[in-house]
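The next block holds one structure in the form of structure tokens; read it before the comments.
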Amino acid sequence: MEAAQVADLIRRAQVTILVSTAVLAEGIRNYGVGLHYSDMDPAKMPTQALISYIAGFATILGTIWSKTSFSITLLRISTGRLRYLVWFIIISVNLVLGVSATIHWAQCWPLKKLWNYDMEGRCLPRETVQSYQVFASVYSGILDTVLAFLPWKIILSVTINKKERVGALLAMSMGVFSGIMSFLKIPALSDISDVGSTTVDLKIYGTAEPAVTIMAISIPVLRAFLRRDAPPQPVQFIQFSDLIPEFAPLDSIDEGKGKDTSSTSGYRTP
């Protein structure tokens, strides 16, 4: 299976996770989400807590897969040391956020104590859980920023016309908005250790981060659709579509199928 196919499968899984999270978030409104702890119906609290934990776990998975998907896209156009950096990002984000997802479920024993507060058992201190989740959110935001600007080094080193370069840079740098969502989520993480909090902000920003990332990694594909009727570019320039197919206009892709382009003249970097 090629890298493009793997990235596409991950994107589909992301969308599925995001839709599931939205459905869960809508469903738990009937169980008191958005109310203060003292205003909730005690009989509904266990169900509300369980669904909230499932939705929270789903958002963490969505965040992991979104960064992995975009990193795989970058692997297709990166070389040398930059490629090692992208691999480091893929591995580290899965480790750091993977631990976050594990703590999300494993912070109490027995497991049912997570949503049955009166059950006997032991839990990690709320401050410990909050501290790690803050670290994971900061790390996630930093990686989003790095991933947003990595394409600049790649694109600026290739000989392409100005219009194509600006469009490619903008399209592949939208991930910075996902980083902004990650940083905005940090203050809301204090809700973890605040029994009286409604946790609404945490749920909003937690869902927004993977949602914004999905939009960001979809822009290169959408850009190809918008450029369907774009006039052909001069042959003396390298098109960014030579590096990654998502940037090729669809009409040029169709016309170029089955043709030998090895004789095309132009300036290319070694």
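Placement of Cβ uses the backbone N, Cα and C atoms for every residue, glycine included.
What TrEMBL says about a protein is an automatic prediction, not a curated fact.
Feature annotations, reproduced from TrEMBL:
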COMPBIAS  261-270  compositional bias 'Polar residues'
DOMAIN    15-228  domain 'Rhodopsin'
REGION    251-270  region 'Disordered'
TRANSMEM  50-72  transmembrane segment
TRANSMEM  84-106  transmembrane segment
TRANSMEM  134-154  transmembrane segment
TRANSMEM  166-184  transmembrane segment
TRANSMEM  204-226  transmembrane segment
Applying the under-8 angstroms CB criterion, which one of 50-72, 84-106, 166-184 scores highest with the transmembrane segment (134-154)? 166-184
For the transmembrane segment (50-72), the distant same-chain contacts (Cβ-Cβ under 8 Å, at least six residues beyond its ends) come to 3, 6-7, 10-11, 13-14, 17-18, 20-21, 24-25, 27-28, 31, 33, 86, 89-90, 93-94, 97-98, 100-101, 104-105, 114-115, 140, 143-144, 147, 175, 178, 199, 203, 206-207, 209-210, 213-214, 216-217
